[in-house]
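Asks: Below is the structure I would like to discuss, written out as structure tokens.
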Amino acid sequence: MNIQVEDIRIRAILATYRKRVPVTEGYVEVKDEGTWKQICDKHWTMKNSRILPHSSSTAGIRFLLAKAAPSHIPPSHCPQPQPACPALPLHDAGRMELDPFPFPVYHTCLFLLRSAWSSSRKFGSEKQELLPGCSAVNKAAGELLVLSEIALRMFASRRKQHYWAYSMDCSGNEAHISSCKLGNHLTGTAKNSSCANGMPAVQPLVRLKGGAGTGEGRVEVLRNGEWGTVCDDNWNLVSASVVCRELGFGSAKEAIAGARLGQGMGPIHLNEIDCTGFEKSVTDCKFNTESQGCNHEEDAAVRCNVPAMGFQNQLRLSGGRNPYEGRVEVLAERNGTLRWGTVCSHNWGTVEAMVVCRQLGLGFASHAFQETWYWHGDVSADDVVMSGVKCSGTEMSLSHCRHDGAHVSCPRGGGRFGAGVSCSETAPDLVLNAELVEQTAYLEDRPMFLLQCALEENCLASSAHNTSLTSGYRRLLRFSSQIHNNGQSDFRPKNGRHAWVWHDCHRHYHSMEVFTHYDLLNLNGTKVAEGHKASFCLEDTECEADVQKQYECANFGEQGITVGCWDVYRHDIDCQWIDITDVPPGDYLFQVVINPNYEVAESDYSNNVMKCRSRYDGQRIWMYNCHIGKAGNPPAGPGLLQVRI
């Protein structure tokens with residue numbers, strides 16, 4: 001069965017907001033068989049929400065819950081490791097910041113209550129104790145959640161809803177929701193599908209990027225359909241607290257200026273923000289849309305107060321020279337008792353190491369180690385207690401990653417082969433200049449006798465081996481790439497100079513096996529042509545005015561990209577292309593992925609992918625709508641989605 005999504009949009013919830021163009025918050029809808037249908041929030045997850053465009057916000061239901069709440073919630077206690085639930089007046093959701101108790105505590109407890117209530121779905125049994133020892137809160141929560149559920153359904157039922165027959169199943173790595181896979185076919189579906197026990201999915205407007213931990217990062221807002229940053233002029237704790245509450249955290253711990261959590265790309269949407277503290281969104285505050293005098297060196301960021309979850313007590317680093325490195329040891333239950341043990345290092349990589357460093361509050365991962373014989377950990381913890389670990393990179397705890405559970409399988413064993421990490425408070429962040437790719441793309445028919453070195457380095461399609469050396473040629477899609485380091489530390493190759501590989505044909509060293517992937521995908525997301533670029537020369541081609549170049553490839557020099565500098569690969573050098581000789585005319589998606597194997601740790605992998613729409617007529621190629629996407633596996637395609645189920 002082939003299903004095509006012709007288009008996707010966000011429809012404003014309130015009629016007055018529909019006059020605004022473009023609409024940037026509201027119900028998520030897809031156009032199916034000529035009719036706009038809402039996406040049901042059944043199976044709707046944070047991963048899906050990130051794709052519209054990418055966001056890390058939480059649902060806005062907490063404000064409805066607060067308004068529907070009783071005037072007072074008595075003291076109670078949440079299950080450990082949650083903090084105690086204090087007495088919290090809730091006369092007005094807009095006055096939460098004036099309450100004498102930390103909002104994260106209330107939010108965490110209410111979240112647990114809502115989760116427990118939703119799982120039971122027994123709206124009529126207020127006597128059921130959702131949280132042990134929280135009887136008073138359970139009763140209040142029962143009334144609160146019933147009221148909020150009714151209010152939400154009454155609000156959504158004011159007009160007859162037309163729901164799409166499928167839920168969405170996003171990995172969180174897609175650049176557009178049309179690239180997500182289709183989820184489950186909803187029950188009771190027909191021409192007008194129902195959304196039993198669900199509500200329309202809603203798109204948030206604010207996200208945090210580039211932070212090492214939960215609740216911290218560079219503030220980015222969605223305006224006119226495009227994500228942009230906030231200038232730090234007049235940036236203070238009051239405005240930062242509005243952002244934190246909007247994202248479901250408590251008040252702000254710190255309002256960070258000077259792009260200390262990395263520089264963003266694209267427009268600067270808000271400047272000279274002036275919040276009273278009563279706003280529900282930072283976009284409701286007074287601000288100046290003119291960004292004259294502001295640049296991305298002044299991007300604002302926040303650190304929010306986040307509930308203490310106790311995750312750092314479930315994991316430790318052992319045997320390292322300092323607290324930021326060592327063998328990873330986890331606390332796991334075996335045979336009814338808790339004991340420390342190692343993590344199997346099979347397939348252990350940078351993404352898993354990132355989760356460990358975040359869980360311990362040690363920043364970003366700088367390296368992931370599959371052998372730790374040089375770190376003498378606790379001998380009693382040599383046995384492997386966790387294996388098959390595979391993380392997406394967004395988890396708050398290593399135990400949240402996929403793993404083998406109680407069925408541990410690790411042929412190499414623990415001890416010297418246990419997984420290890422080294423952490424750092426800062427990390428680089430590579431971003432490709434999408435506009436330059438769009439401006440410099442062109443086709444070249446290059447004779448085969450000039451491509452022998454490229455053939456040896458696998459820069460051509462496999463059919464090139466059958467092309468005549470004297471009369472044959474290859475059609476190459478050439479382009480320039482400009483890769484910026486917008487992070488907080490220099491980007492260095494994974495291997496030191498002693499491990500670089502000499503390539504005699506081009507007379508240069510390769511410091512990374514694969515630095516970038518170049519792919520041409522059809523509208524189903526299938527690769528029709530591909531290339532790769534080994535980082536034979538990572539250097540500071542150009543830098544910002546106040547930044548000094550540090551890396552130069554000449555004379556076997558050190559390779560890397562300094563913060564505030566960029567490396568340029570011109571269109572006229574070998575392997576800076578995709579071989580499209582065998583590609584038929586048609587519409588395609590052009591994709592560039594930097595650091596595709598996550599060999600080097602970065603503060604943000606979501607901006608490592610650039611995507612363009614392209615049209616090839618057999619003689620010419622058009623490249624348009626180039627934009628920064630989301631890192632991860634190749635998506636299912638651009639504006640059109642075709643999924644076989």
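The count begins at 1 with the first shown residue.
In case you wondered, yes, glycine gets a Cβ from its N, Cα and C as well.
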Asks: Can you tell which of Cys391, Cys423 is bonded to Cys401 by a disulfide, based on TrEMBL?
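Replies: It is Cys391, per the disulfide annotation in TrEMBL.
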Asks: Please report how many Å separate the Cα atom of Cys285 (disulfide bond) from that of Cys391 (disulfide bond), as a whole number.
Replies: 37
Asks: With every protein chain in view, how many other Cβ atoms are within 10 Å of the Cβ of Cys285 (disulfide bond)?
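Replies: So the Cβ neighbour count for Cys285 (disulfide bond) comes to 18.
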Asks: Could you state the CA-to-CA distance between Cys401 (disulfide bond) and Cys275 (disulfide bond) to the nearest Å?
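Replies: With distance taken Cα to Cα, Cys275 (disulfide bond) is 38 Å from Cys401 (disulfide bond).
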Asks: Report, in whole Å, the straight Cα-to-Cα distance of Cys391 (disulfide bond) from Cys275 (disulfide bond).
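Replies: Distance between the two Cα atoms comes out at 38 Å.
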Asks: Under 8 Å between C-beta atoms and at least six apart in sequence, can you list the same-chain neighbours of Cys391 (disulfide bond), or say none if there are none?
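Replies: Result: Val351, Glu352, Met354, Val355, Leu398, Cys401, Arg402.
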Asks: Summarise the domain 'SRCR' (315-424) by DSSP state, stating how many residues are helix, strand and coil.
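Replies: Reading the DSSP string over the domain 'SRCR' (315-424) gives 19 helix, 40 strand, 51 coil.
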Asks: Of all the disulfide-bonded residues given, Cys275, Cys401, which residue's CB has the most CB neighbours within 10 A?
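Replies: Selected residue: Cys275.
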